[in-house]
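J.: Just lifted these from TrEMBL, have a look:
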{"type": "COMPBIAS", "residues": "1-15", "note": "compositional bias 'Basic residues'"}
{"type": "COMPBIAS", "residues": "22-39", "note": "compositional bias 'Basic and acidic residues'"}
{"type": "COMPBIAS", "residues": "40-66", "note": "compositional bias 'Acidic residues'"}
{"type": "COMPBIAS", "residues": "94-106", "note": "compositional bias 'Low complexity'"}
{"type": "COMPBIAS", "residues": "111-120", "note": "compositional bias 'Basic and acidic residues'"}
{"type": "COMPBIAS", "residues": "130-139", "note": "compositional bias 'Basic and acidic residues'"}
{"type": "COMPBIAS", "residues": "154-178", "note": "compositional bias 'Basic and acidic residues'"}
{"type": "DOMAIN", "residues": "82-165", "note": "domain 'Casein kinase substrate phosphoprotein PP28'"}
{"type": "REGION", "residues": "1-139", "note": "region 'Disordered'"}
{"type": "REGION", "residues": "154-187", "note": "region 'Disordered'"}
Amino acid sequence: MPRGRGRCKGGKRHFTNFEAMEEQKKKEEKERQWRKEQGETDSEEDEEKSGSDSSEESTEEEEEEVKEQKAKGVGGLIECENPNRVVSKPKKVSTLTSTSDTAAASKPQLSRREREEIQKQRATAHYRKMHSEGKTEEARADLARLAIIRQQREEAAKKREEEKQAREAAASAKKEQLAKALNKKKS
């Protein structure tokens with residue numbers, strides 16, 4: 001094996017959780033108190049009772065020293081907690097209903113793009129409405145153009161009608177002449 005590769009132990013690192021340790025200590029303390037109340041004793045308590053009173057005082061002092069020991073370096077200055085841990089706090093029903101009422105009453109917060117999109121849609125709808133009513137310049141120009149086209153179509157229709165009547169008159173005149181010519185020949 002090359003140098004520097006044998007130091008790893010191969011296992012995953014395991015860190016004890018400070019809160020879990022505190023809970024474990026509290027649990028053990030409650031069990032001791034319960035046993036004292038019930039009259040039961042552990043092997044640890046037997047050893048403490050069999051020893052002198054000075055040993056009990058020394059263990060209490062050691063526990064206090066452990067609690068009072070300050071962490072060295074930055075740990076002593078800063079309290080370390082997991083910033084990702086979310087503690088769920090119980091919420092009151094009255095605060096929940098009041099916040100939901102205020103949220104429903106106030107307008108929802110929109111981003112700039114969403115606001116611009118809504119304004120754009122409103123503007124286009126307003127323009128379409130004004131255009132259909134004929135109040136915009138473009139609508140007026142369109143209506144004028146349509147009026148001119150309508151007038152031209154009416155004139156063309158009149159012209160066609162006159163031409164049709166002229167053709168019919170010419171055809172009827174021709175028939176009359178033909179009929180006269182045939183009548184003359186017969187007589």
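Positions of Cβ are set from backbone N, Cα and C atoms, glycine also.
Remember, TrEMBL labels are computer predictions, not curated facts.
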J.: Could you count the residues of the compositional bias 'Basic and acidic residues' (130-139) that DSSP puts in helix, in strand and in coil?
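T.: Residue counts in helix, strand and coil order: 7 helix, 0 strand, 3 coil.
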J.: For the domain 'Casein kinase substrate phosphoprotein PP28' (82-165), what is the mean per-residue pLDDT, to the nearest integer?
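T.: Average per-residue pLDDT within the domain 'Casein kinase substrate phosphoprotein PP28' (82-165): 86.
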J.: Helix, strand, coil: count each for the residues of the domain 'Casein kinase substrate phosphoprotein PP28' (82-165), based on DSSP.
T.: 64 helix, 0 strand, 20 coil
J.: Tally the residues of the compositional bias 'Basic and acidic residues' (22-39) by DSSP class, grouping H, G and I as helix, E and B as strand, and everything else as coil.
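T.: Helix/strand/coil tally for the compositional bias 'Basic and acidic residues' (22-39): 17 helix, 0 strand, 1 coil.
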